[in-house]
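According to TrEMBL, the features are:
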DOMAIN    217-278  domain 'Mechanosensitive ion channel MscS'
DOMAIN    288-371  domain 'Mechanosensitive ion channel MscS C-terminal'
REGION    381-407  region 'Disordered'
TRANSMEM  30-52  transmembrane segment
TRANSMEM  86-110  transmembrane segment
TRANSMEM  122-147  transmembrane segment
TRANSMEM  168-191  transmembrane segment
TRANSMEM  197-226  transmembrane segment
Amino acid sequence: MTLTVVTLPLVSLSDVQTFLEELQTTEGRVAVSAVALIALVAVALFVAPYIVHTLGYAVRDRLLNDQMVSLVDTVSAYIPTTLGRLVLRLVQLGISFLALVSLLVVWGLVDAAVTVVQLTGLSLPFLVSVTVTIGIFFGAYIAMGLFNDLIDQFGQEADHVTDHQQEILLRLSHLGVLAFAITAVLTLWGINLSGLLVGAGFLGIVVGMAARQTLGAMIAGFVLMFSRPFTVGDWIEVGDEDGIVTNITIMNTRLKNFDGEAIVIPNDIVSNSAITNRTSQGHLRTRLDVGIDYAADPERAQEIAQAVMEDLDAVANAPPPQVVSKAFGDSAIVLELRFWVDRPTPQHRWHAVESVVHGVKEAFEDAGIKIPYPQRELSGRAETGGFRVQDPIPEEAVEAPATRPEE
């Protein structure tokens with residue numbers, strides 16, 4: 001058995017031109033153009049989509065593992081179209097270019113077709129650079145979206161990460177991605193970065209000297225967000241300011257005091273001040289002084305006051321309230337009432353204090369324990385004969401009307 005090898009003759013551009021020159025009539029060229037356009041349209045609209053989709057499913061099912069498929073799906077979620085459609089559009093764009101060149105050749109414009117091909121070849125590096133630049137920024141956009149999902153998932157799984165810490169992580173990740181993308185694009189276009197870095201260094205020095213307080217507040221904002229001495233909703237005291245934290249930004253911390261006023265404190269002042277957080281522990285101890293008469297029994301008064309506080313709903317039972325004898329006052333023995341408030345807020349503390357004051361006063365009145373007014377006891381020395389007390393005024397002198405002396 002003998003095999004016959006058939007060799008097909010190579011068709012050059014000149015052969016094609018010779019063949020087309022034989023079509024001297026316009027009708028022939030129109031017919032060839034129509035056939036070529038129909039064939040190219042069929043390939044672009046039917047054959048190319050089928051091939052691209054088939055290859056896409058084959059690559060997805062046979063070459064990619066589950067992790068790669070998940071990554072492709074995640075990236076596709078940030079693209080307004082699918083990767084398969086992007087590839088298809090590129091193929092259709094190439095087919096359209098071939099159609100343009102073919103039509104120029106059909107109508108005898110071979111020189112124009114050659115010029116188009118040459119211009120395309122010359123501009124190819126520029127087009128590649130533009131395409132890569134677009135791809136870099138598009139990749140940066142996708143990376144920022146991926147960071148959003150990762151940080152959000154990390155924040156949901158980690159209870160110690162607050163919303164503000166997630167926000168600052170997002171901002172830092174976005175800045176890092178943008179800085180990398182801009183650096184890559186500048187390097188791609190051959191821009192020398194050393195001069196830019198030197199200029200940026202001098203600019204940073206000038207800006208740092210001119211706005212050191214602003215930069216200090218910004219750095220302090222980062223420190224506060226990561227050290228977390230307080231969070232939004234906490235009742236804190238910063239220096240002389242007292243209120244509920246409503247917002248924590250990079251530059252300042254915002255409070256709302258109990259008069260409804262909004263207080264804005266720069267973060268550098270917050271970081272350099274003593275911070276008292278009354279909410280972080282979940283409960284707050286409050287002290288209240290009350291005086292009892294020196295004639296009263298302190299132990300009995302302590303038992304009554306402690307029993308009253310233990311029965312109040314506004315006072316926490318754990319830790320239990322305490323009553324201690326604090327000092328000898330000018331007019332009374334001073335007892336210190338110590339009690340705890342759960343979920344401390346200004347309203348809860350005021351309500352607890354009010355309940356303790358009313359309850360202890362009523363219980364002392366029922367037990368006959370006097371809460372004395374401020375009073376003083378005066379006594380004279382024996383060697384001075386004591387105090388001289390004026391004789392009482394006679395009643396007739398009080399009842400007799402005063403007479404006006406005659407002039």
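Cβ from N, Cα, C; glycine included.
Same-chain residues lying 6 or more positions outside the transmembrane segment (168-191) and placing a CB less than 8 Å from one of its CB atoms are 129, 132-133, 136-137, 139-140, 143-144, 147-148, 151, 222, 225-226, 250.
Helix, strand and coil content of the domain 'Mechanosensitive ion channel MscS C-terminal' (288-371), in residues and according to DSSP, is 35 helix, 22 strand, 27 coil.
As a summary of secondary structure, the domain 'Mechanosensitive ion channel MscS' (217-278) carries 16 helix, 25 strand, 21 coil according to DSSP.
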